[in-house]
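Undergrad: Just passing along the structure, written as structure tokens.
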Amino acid sequence: MSTGEGTAEQTATGTPAQNGRESIPSDAIREEYENLSDLIRKYRFAYYQDDAPLVSDAEFDTLFRRLEEIEALHPELVANDSPTQEVGGEASAAFAAVEHLQRMYSLEDVFSIEELEAWLNRAEASIAKLGDGTAQAAWLTELKIDGLAVNLLYRDGKLVRAATRGDGTTGEDITHNVLTIKEIPQQLSGEGYPSEVEVRGEVFIPSKAFAEFNEALIEAGKAPLANPRNAAAGSLRQKDPAETAKRPLKMFVHGIGAREGLEARSQSETYALLKEWGLPVSPYFEVLEARADVLGFISKYGEQRHKLLHEIDGIVIKVDDFATQRALGYTTRVPRWAVAYKYPPEEVHTKLLDIQVNVGRTGRVTPFGMMEPVKVAGSTVEMATLHNQDVVKAKGVKIGDIVVLRKAGDVIPEIVGPVLALRDQQDPPVRDFVMPTECPACGTPLAPAKEGDVDIRCPNGKSCPSQLRERVFHLAGRGGFDIEALGWEAAIALTQPAEPDVPPLTSEAALFDLTREDLADVKIRREKRSKGVATGEYELVPYFYSKGTAKSPSKPTASTEKLFKELDKAKSQPLWRVLVALSIRHVGPRASRALAQAFGTMDGIRAASEEELAHVDGVGPTIAAALKEWFAEDWHREIVDRWAAAGVRMEDERDESTPRTLEGLTVVVTGSLPNFSRDEAKEAILVRGGKASGSVSKNTSYVVAGESAGTKLDKAEQLGIRVLDEDGFRLLLDGGPAAVGDAAEADGGDAPEESAALQEEKAAAVEETA
């Protein structure tokens, strides 16, 4: 997946440049922004945590770039939890979480030679301003391996830990599995290695080895693996290292993170040292000074990409000199000294067999294409979203068409359009897609939520099984109750099983009342496989219980037992997670935290007036109205009441001993603080009544700047906003504005009141829990 697969070394932070003319976002823009944020988080989770992409790189990149475009025009929408402010995915709960000594960054992506040249122009202009104005760059140019980013930690030459990248700050401890990869030395060789060093690289499965491994799986009657990247990621997440050892994994290292006592001056010099220490370094890199040579490198490997040792999804271009890298610095997500060029997407032709629709958790109806399975860019694709009926019309596709399917960036499927020259040759003849007028799941008439909406929705939130399935899947997510055993297939089994006729759940209200006996007879339809290959035939299989025999009676599976343990654990989740789990439109993690902080109890939130809700910083009128509308429904209140009766915690334990020193203040933290992680700093602000913002504006009270602070610090200085270091931040936390010499802020005299319009804009920055 793009916008996050490459890694970068060194440390610093900043914020993306905000370009374009600012204006108040319309309701349509706000809704588009919320939907985009929701989709991108969903697709990232599937890619990084499940190793099972739901969409192609092309579609993901398009969605991500549109999100960046909206944020550039409306910077007030940017929140700390925006996908543009995050790196990759979170650490999985299945492995111990470990913090990297130095953050692992993403890379900025460009998708054409024109975009690359524009990036090079900007970088070269910045480099020319350094020193005496005559500096020039040498570019280390290398292949972008399509694998899993891994961080190796060596102490005194001994490998002591290996971790996935995770969110860039915290990854998963996969040391035991990495030890099975023969190319990775457990003890560095040679001399001169640092007493402590993080080595970054990419674990992958060579293309030929992947094909041979899949052939062996099929011969053994097992399902083949989807593609080398997902296979490598899945191999490193095996609970049994012996299983990992069976996979043909390799690794190439491409940089370093934290280190003690290393005097390397450049990326290429570091590669030479890594090789001397016995680490596997890719042979596919060159240090180039002329731009024409960089473009020649791209052209050369573009022609050879399917003949290489491993799959690639682009070319990485880095400034070779470390001093120049440090001078150029970082944004919050990417280095300014490196870029990933993505090759034009591979395209294939396949038949569009049907266009079906899916009903989401807020009733939104989305068409998607079902195609003859076809292999493109290393994986088999048979589905691709078509977003809405207007997109279907704009693409001009008809059911039965031969269509152009591509994977831009080499990883999410996109239907580009029909092959018109073949349309008249199709048998049976092609036919138009007609958007249904009734919900395919419950039969309720469909309609736009309001006049002029492109999307149509099913208004039957209470009884629509598709909406219930999607809500149950959502509430179990990492932002909600975090129930790992309640995945997509389990949500289907609970809400839409093949048997019995009445599902275990007809409302999420009953979730915490489930018993093992309720699940004993549940069966789902699962496709039969022959030697690992799908047959197109289906059978009914028990989902929550094992198949019983005369000698071994049916009993709950290990996954079922895990589900009940996690349901019990979920009851003690904090209030904000319960709010997220309720699928209230517009109420995402940011608003939920603000509401929990302001009211402390679910009863307090329910009883609050719309005006009181809107007054909460980070909520505003849109979210306040959505809350009142949601609680006005009897069946919604029943969910809360039954969860509470089952023991779900509906209030937060409030530490009254923590002084509310930041009441009414907005604080922005930028750069690296020695004694606070970003989350710790945010939590310290919130518990003292302040707002932890991700962007600097005239309404910002203070900016806390750590090492390598970026453009947020520049903007604070331009606006005349007080800037504090970590010591000043501690004083502010303990004693409020007066402790740092700001009497006016302490009195509240100069604090501007927020207009209704400003609160409305804040509401739009919250992801739609839809």
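Each residue, glycine too, has its Cβ placed from N, Cα and C.
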Undergrad: Which one of these stretches, 351-380, 681-710, 741-770, shows up in Swiss-Prot as region 'Disordered'?
TA: 741-770
Undergrad: Name them in sequence order: residues not among CYS439, CYS442, CYS458, CYS464 whose Cβ is within 8 Å of the mean position of the Cβ atoms defining the Zn(2+) site.
TA: VAL359, GLY363, PRO440, ALA441, GLY443, THR444, LEU446, PRO459, ASN460, SER463, PRO465, SER466, GLN467
Undergrad: Calculate the per-residue pLDDT averaged over the domain 'BRCT' (657-746) and state the result as an integer.
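TA: Mean pLDDT across the domain 'BRCT' (657-746) comes out at 85.
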Undergrad: Do you know which of the binding-site residues CYS439, CYS458, CYS464 has the most other C-beta atoms within 10 angstroms of its C-beta?
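TA: Max Cβ neighbours within 10 Å, all protein chains included: CYS458.
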Undergrad: For the domain 'BRCT' (657-746), what does DSSP give as the number of helix, strand and coil residues?
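TA: Helix, strand and coil residues of the domain 'BRCT' (657-746) number 37 helix, 19 strand, 34 coil.
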Undergrad: Return the count of C-beta atoms lying within 10 angstroms of the C-beta of LYS318 (NAD(+) binding site), excluding that atom itself.
TA: 28
Undergrad: Relative to the Cα of CYS464 (Zn(2+) binding site), which of the binding-site residues LEU107, ARG165, LYS318 has the closest Cα?
TA: ARG165
Undergrad: Find the shortest Cα-Cα separation between CYS458 (Zn(2+) binding site) and the binding-site residues ASP61, LEU107, ARG165, LYS318, and name the residue that gives it.
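TA: Checking each of ASP61, LEU107, ARG165, LYS318 against CYS458 (Zn(2+) binding site), the shortest Cα distance is to ASP61.
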Undergrad: Based on Cα distances to CYS442 (Zn(2+) binding site), point out the closest of the binding-site residues ASP61, LEU107, ARG165, LYS318.
TA: ASP61
